[in-house]
Number of protein chains: 4
Amino acid sequence: MCGIVGIVDAGGVSFPLYYALYALQHRGQESAGISTFEDRTLYTHKAQGLVAGVFNSQTLQDLQGNAGIGHVRYPTTGSKVPENVQPFNFRYRGLDLAIAHNGNLVNTAELREEYEHRGQIFCTTADTEIIGNIIADALRTSKSMEDAVLLCMRRLRGSYATVALLNNTVYAFRDPLGIKPLCIGKLDNGYIIASESVAIDALDGTFIRDVRPGELVRIDESGLTSTQIATANRKAYCIFEYVYFARADSVMDGTLVYDVRRRIGQKLYDANPVEADTACPVPDSGIAYAAGYAKRSGIPFIEGLMKNRYMGRTFIMPTQEQRERAVRIKLNTVRGNLKDKRVVLIDDSVVRGTTSRRIVNMIRDAGAEEIHLRVGSPPIIAPCYLGVDMPTRTELIASGKEVEAVRESVGATSLTYIPLEDLVEAIGCGEQNLCTGCLTGCYPVEINGERSCHCVVDYVAGTHQSDLSTFKAGKERT
Amino acid sequence: MCGIVGIVDAGGVSFPLYYALYALQHRGQESAGISTFEDRTLYTHKAQGLVAGVFNSQTLQDLQGNAGIGHVRYPTTGSKVPENVQPFNFRYRGLDLAIAHNGNLVNTAELREEYEHRGQIFCTTADTEIIGNIIADALRTSKSMEDAVLLCMRRLRGSYATVALLNNTVYAFRDPLGIKPLCIGKLDNGYIIASESVAIDALDGTFIRDVRPGELVRIDESGLTSTQIATANRKAYCIFEYVYFARADSVMDGTLVYDVRRRIGQKLYDANPVEADTACPVPDSGIAYAAGYAKRSGIPFIEGLMKNRYMGRTFIMPTQEQRERAVRIKLNTVRGNLKDKRVVLIDDSVVRGTTSRRIVNMIRDAGAEEIHLRVGSPPIIAPCYLGVDMPTRTELIASGKEVEAVRESVGATSLTYIPLEDLVEAIGCGEQNLCTGCLTGCYPVEINGERSCHCVVDYVAGTHQSDLSTFKAGKERT
Amino acid sequence: MCGIVGIVDAGGVSFPLYYALYALQHRGQESAGISTFEDRTLYTHKAQGLVAGVFNSQTLQDLQGNAGIGHVRYPTTGSKVPENVQPFNFRYRGLDLAIAHNGNLVNTAELREEYEHRGQIFCTTADTEIIGNIIADALRTSKSMEDAVLLCMRRLRGSYATVALLNNTVYAFRDPLGIKPLCIGKLDNGYIIASESVAIDALDGTFIRDVRPGELVRIDESGLTSTQIATANRKAYCIFEYVYFARADSVMDGTLVYDVRRRIGQKLYDANPVEADTACPVPDSGIAYAAGYAKRSGIPFIEGLMKNRYMGRTFIMPTQEQRERAVRIKLNTVRGNLKDKRVVLIDDSVVRGTTSRRIVNMIRDAGAEEIHLRVGSPPIIAPCYLGVDMPTRTELIASGKEVEAVRESVGATSLTYIPLEDLVEAIGCGEQNLCTGCLTGCYPVEINGERSCHCVVDYVAGTHQSDLSTFKAGKERT
Amino acid sequence: MCGIVGIVDAGGVSFPLYYALYALQHRGQESAGISTFEDRTLYTHKAQGLVAGVFNSQTLQDLQGNAGIGHVRYPTTGSKVPENVQPFNFRYRGLDLAIAHNGNLVNTAELREEYEHRGQIFCTTADTEIIGNIIADALRTSKSMEDAVLLCMRRLRGSYATVALLNNTVYAFRDPLGIKPLCIGKLDNGYIIASESVAIDALDGTFIRDVRPGELVRIDESGLTSTQIATANRKAYCIFEYVYFARADSVMDGTLVYDVRRRIGQKLYDANPVEADTACPVPDSGIAYAAGYAKRSGIPFIEGLMKNRYMGRTFIMPTQEQRERAVRIKLNTVRGNLKDKRVVLIDDSVVRGTTSRRIVNMIRDAGAEEIHLRVGSPPIIAPCYLGVDMPTRTELIASGKEVEAVRESVGATSLTYIPLEDLVEAIGCGEQNLCTGCLTGCYPVEINGERSCHCVVDYVAGTHQSDLSTFKAGKERT
């Protein structure tokens, strides 16, 4: 899971990209990078670390130009190699291309094999390099980005929200199923494309609309144009963006994430009403859930857990033996809000079960009489191949275990997961438009050894259509 | 405003002090320091920066010993000099003394004059140095810490929650009015004294009780003993600890801070009921207020503002001209939760008014129909001389301005401050036991040019009384 | 100009590579990197900075394996991009290749064009990437490294001392003219290949011999083997390695650099004897020159300039206006050794003339009566295309200017450059075996718009020959 | 051993102080600090680290004012506590005093005892604090700095070259025996006082003269004045400043250090002529010795050891077991200059003998036939109590061991120390004016349990005398 952004703005883009990446920091804390272009030169600065650590005034001033892209990267296992830090740059006959990508391909090995067979040598192990190679290779022969992206959409299998900087033009495209989010905003003197609308907000821009699945958007100094490259008979929006990953203040594919989470909270009560004294969120994402739960149930919203905000990279954790009891260095119980109380504890998900067990224990130690764990997502029973860093099946507590067994394992008085249909309803776009792979084991793209739902993708002979007409000034959202 | 901690523990104290300081980090981000003692040597490590930046594994291992004290310091104007970083060390005839202090003296100049007259040369401009000098000077003649602290209490005017390390014994005392908080906890193999109970929680310790105003507590390897040095006819707990400064999960002088804030929220509704769609907190302290407000009013708790958690020291802020609109880099509006809504916006305080004005503007920009600002403290009309970093009278928006004028200035539809009597009731200890100087202009200690309430302090001929008898094992709190 | 090293050692290679790079630090202070291989994994750590800053204990421990290569990079204009930091990694069908390179190609553009035409997309602008691509591309079809390097030698035009790590084997090769240095050493449990013999010394290894121009050396756990890939009718050792670049304690292509410099000093006296009081070196490289000059002339070696050793990266230089007079912050005059003295000032080269002028001024200010500047290289009249970062022709003070004009410009009493034939004699391998491009304008490889000397390179059908037989134990040097 | 500097200059002093401290960096690498004064405010910035690391442009700009002092500190055992970082500040009744000190007192304990008895509480364990207290205490009663310094000179026993900043005036004084160096320079718009003349050179200033033993110098915006506070019947210049500690380009108490070292080299040959092939210095201080030795003997100066200049603080040294053989990471042999040669190896001193042994071994390993070790100081047989960090008697190889036994221990073919009378002659000021405590065991100040030479100090009734008259413009040196 990563965050991406592309900006064209007449007033320079490095500072806006910096603020946009900062707004997307929750999507990746492992590394950050920016590429800009001016006067035949591609500038890139990227390194491991948080946005505020990677860049300083000088590095931002050195990133000249009115067009650029940026990236923040999530630390996935085994991939902390500096060479995987994005954006990636590609050079080909005087052409300068930079690419940043959010998502995960499932046919990388196959594609690399093919391109290696044709002679391409790769520098890294990252998905992004194969995307860049397909594009640059296509540009080599046809010179049209539309064709290049069409080729990508035909060949890439998996999720790929992508921004590309080709000279002083920014391109953005999203896989035909729209698995990863991407949206468009208007700035005072240009446009922004970003993973989430909060990046637009950070620049005081105006949200226009989401990039459509299968769409290629192009922004340069003359404005924004769009081409529909492919259309599918369904969408496959990642359900976990709504449940956990996205910021609550983001509007994603037409829906405010906060609203989804409040509705989930309401439905969690409806599905299994319980008498209790407090509706207590697990911070941070649980707060919207608990707000919805409290509203519906009449059980007051009261925090029973407080998070310490000052945890930094260099913080020394207690030694292994002390670790179990030392969760509270990060997360403290508000004893007075829990003691002798019947507590509804509302969390977004239960993955391995270890964190839930520790939290339930802490709350019980604080004197809670009953702990009713309510979970904002159905049981996770299968891995994600499309960009969310999830454990293997054997590590998933819900994989092959009944709810009652999970409840006992985490030590709660009662445990209810939200039913899938309720979750789908809370999101509002229909199950056929969501990727529910981790919840059902059935994936919207073909994956070796897994079941897959049937998708039909139609490739359009790209006809340009200006978006400018569809966007009528003002601050409305579609 | 600072955070202090003292620990005696048979298993070494540097790591526990580190975690305790981390739990108190909200009380001071400017600098951090630890002093420990072992085998005739006083070890000190202190520097500017956050706890996680100042210490590493090596520096903590070098801080040997089973007794020590720690400090985090709040950045007050003009005092970012490294030499003011605490703990302070004092050496006198083979005696090693370290002192850390939370509070502010109002007669420093007078005391320095006197001690300088007697020949003392000072190294810094900090209050802490005069406290250390009085103690060391007293120890020089009488050798009893009780007498030294008695002298302090007779001479020091102001607030002073203090921990001292004298060889391998930790002492802690609190001014006779108890202006600044200080509490005692039991650890597996020792005791802890800290500004707030959350530091005890972080070590999985058991809260025993608060240090009493005017009390001197002594902890060493043989246990904890206490002497009442002075008693006053009232207390003067800082009212702003409850309103804003303390962590909501702290229990302070018998009361859970979260409870106080929820009660304030309830009373804010009662004092001025309004019809509205959402009860929206200003993060972070506003959440407890809004929870209470929502419970009482039935108006649902819904967040309309989201805070970005990744702001670091090196974050580059937008230039001055962009600053007004760029508040949202730190604080974003959840447009969907505000648009066309009647919003009750609940904040802890209004000081200069600038922040409130910006937030009200942002919420209005997000489409709110009405914005009812509810403030968890009465108008601040006078400066604080006792340790809270407040602006001068002329900068305080409520100083010499009617509520209506303030409302107009910040741009809210309506504005209600909590009445002082309601706030006092929410805290529960009676107005005579609170310092309300900044709200009333009447201070519990004599301050040149200000009104002062009458306090009588009685100095006890110190009789030792072991606390160990009063603390009966188990995990109860008094 | 860069430094490279490759090591195979049964006891692990990351620490030996670290020490070897540290010994080669003078060859490049811009960035440093190491790649190692173990158990199907290629590990790389590289970053901008000095060796001691780029690596720490943890990063070295993470670089597992018994085979690896390393690189330090010289800051050449406009190339401070992180992506150019070496070693470079290449991936191709399960094959992991890392490459580090010292030198400069003159036909990069042409080669890139060709490979791009065949479909290769490049990630960087560095020469090293084209070398890696040629090799990986060749391995793709033929599977033999000998053939791949043969292809390199046929196609690459320029200087290239290269180390490559292919799985757990280290390969090293040197261009057929041997422009850049490369030598072989024996370690207790393996072998080392490095730019200079000082890297072998740092590991207490035994120098075996130089890598021959056109030779490919292969080291793995079973030992060292060699193949002569190409032979030329001459060598073209970079003359500036002897004059300035190499460490004086290195033995390079059979000759101790210190000896060369002492002989230059002697010849400088012979060529133009002068009566004087002191032979004064410009530190650091001038010391060996002055030692030789003093020996021959009988004029005592006395330092008149002292260098401050503590200059770090973050040192703040005086502002531009003060700069002229502030050279002495780095380089101070020893007034008492200069006052009223006839000084022979011995430096390695005069490039732009600015530094020489400042130094001559300082010495005159210190009271010297006469300043006889003796220069250890002939006038530099042409650029270097083969790896030394030199200014353009117009910036070279000696380009199109008589010696007398240069003397006047730098302000010396007299000025003598060493005649080329003397310099060649001091080195000892014959002018036909040296690259004298910057001194004569005639280059050993074809360069557009420049004169070139005739070279014939013969490509051998590679026959393997074990080096082990040619290296008879003991600590002798050939 | 430390470096100190004081500057008054109409153009601001923080940058000049920075460059001066940088020139004195060899006198202390542990910490650095600067205090300046402007408009009733004393500014101090100080921290552990090298000058270039402790300060940056911002911190220097914040150090406002036209008067200031600076300090670099040598890492002496057990004293790496941040609180000992100088300058020290003292506050007393509106007076701001900063002090920096080079030297060591031998009656600190006694003085602290006395001042503690009178009520003074100390903050640190440093000598500097007692000096500051004596001065501030005296100023408190008499208001005259002359009296305060007179008191210091009566009471302090030991070495103390001191600079003090009292408001916007810089004072400097030197103990009556002048044990530590201190000299005066003229700047364009002010004056500088510094430990060594190289600091004056770094600012392009003009050396005036040394501060006289027992003299108090005062510089402010109106110029420089001087008072002779005390006179003694002898001097006691630290002999090791000439042998090892000072920079060779410093002029110290009338003598160029480089000259002293060359003369030592000459006398080393005269004292024990030997036939040999090369005169080889141990870098860095050995170079001047070897230059003198070569001149007298006719044996050519040739370096057989090369030092790696890039060693930084974070450099990872080989593990203990490899350490013996890994000296050459720092210091490499130039094998070709040593093989089959009779080598005269010239070093400044032999302390514990371990370093000498390693170097002799390395040179023998490089193939030297004979190694004649010549040492620029007589055997060190006693500790230094006056500021040089020396080991205890039992660690000194020459303490209680014959020369022949030392020779055998270090493994040299022959070993000659310079006779004390030759060393004294090389320095030129007479043995009665040098401190030779470490060489003779007889000290110029009374030290418990040691022999002491008889000194008589006379305290002058301070008569002001302007130095301005004695310094006649121009760039001459007295």
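Just so you know, glycine gets a Cβ as well, placed from its N, Cα and C.
What TrEMBL annotates here:
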- B:2-222: domain 'Glutamine amidotransferase type-2' (DOMAIN)
- B:Cys2: active site, nucleophile (ACT_SITE)
- B:Cys238, B:Cys384, B:Cys435, B:Cys438: [4Fe-4S] cluster binding site (BINDING)
- B:Ser285, B:Asp347, B:Asp348: Mg(2+) binding site (BINDING)
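Structure coloured by features recorded in TrEMBL.
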residue: B:Cys2; record: active site, nucleophile; Cβ neighbours (10 Å): 24
residue: B:Cys238; record: [4Fe-4S] cluster binding site; Cβ neighbours (10 Å): 28
residue: B:Ser285; record: Mg(2+) binding site; Cβ neighbours (10 Å): 21
residue: B:Asp347; record: Mg(2+) binding site; Cβ neighbours (10 Å): 23
residue: B:Asp348; record: Mg(2+) binding site; Cβ neighbours (10 Å): 22
residue: B:Cys384; record: [4Fe-4S] cluster binding site; Cβ neighbours (10 Å): 19
residue: B:Cys435; record: [4Fe-4S] cluster binding site; Cβ neighbours (10 Å): 29
residue: B:Cys438; record: [4Fe-4S] cluster binding site; Cβ neighbours (10 Å): 25
For B:Cys438 ([4Fe-4S] cluster binding site), the three-state DSSP class is helix
One of the recorded positions B:Cys2, B:Ser285, B:Asp347, B:Asp348 has its Cα closest to the Cα of B:Cys438 ([4Fe-4S] cluster binding site), namely B:Asp348
For B:Ser285 (Mg(2+) binding site) and B:Cys384 ([4Fe-4S] cluster binding site), the CA-to-CA distance in whole Å is 20
The average per-residue pLDDT within the domain 'Glutamine amidotransferase type-2' (B:2-222) comes out at 91
Around the recorded Mg(2+) site (B:Ser285, B:Asp347, B:Asp348), other residues with Cβ within 8 Å of the Cβ centre, ordered by sequence, are B:Val243, B:Tyr244, B:Pro281, B:Val282, B:Gly286, B:Tyr289, B:Ile346, B:Ser349, B:Val375, B:Gly376
Checking the recorded positions B:Cys2, B:Asp347, B:Asp348 against B:Cys435 ([4Fe-4S] cluster binding site) with a 10 Å Cα-Cα cut-off, in sequence order, leaves none
Same-chain neighbours of the [4Fe-4S] cluster site, Cβ within 8 Å of the mean position of the Cβ atoms of B:Cys238, B:Cys384, B:Cys435, B:Cys438 and not counting those residues, run in sequence order as B:Ile179, B:Ile239, B:Phe240, B:Leu386, B:Gly387, B:Val388, B:Thr436, B:Gly437
Rounding to whole Å, the Cα atoms of B:Cys238 ([4Fe-4S] cluster binding site) and B:Asp348 (Mg(2+) binding site) are apart by 15
Mapped onto three states, the DSSP assignment of B:Asp347 (Mg(2+) binding site) reads strand
Binding-site residues B:Asp347, B:Asp348, B:Cys384 vs the residue listed as 'active site, nucleophile', shortest C-alpha separation belongs to B:Cys384
If you measure between the CA atoms of B:Asp348 (Mg(2+) binding site) and B:Cys384 ([4Fe-4S] cluster binding site) and round to the nearest Å, you get 17
CA pair B:Asp347 (Mg(2+) binding site) / B:Cys384 ([4Fe-4S] cluster binding site), Å rounded to integer, equals 20
By a three-class reduction of DSSP, B:Ser285 (Mg(2+) binding site) is assigned coil
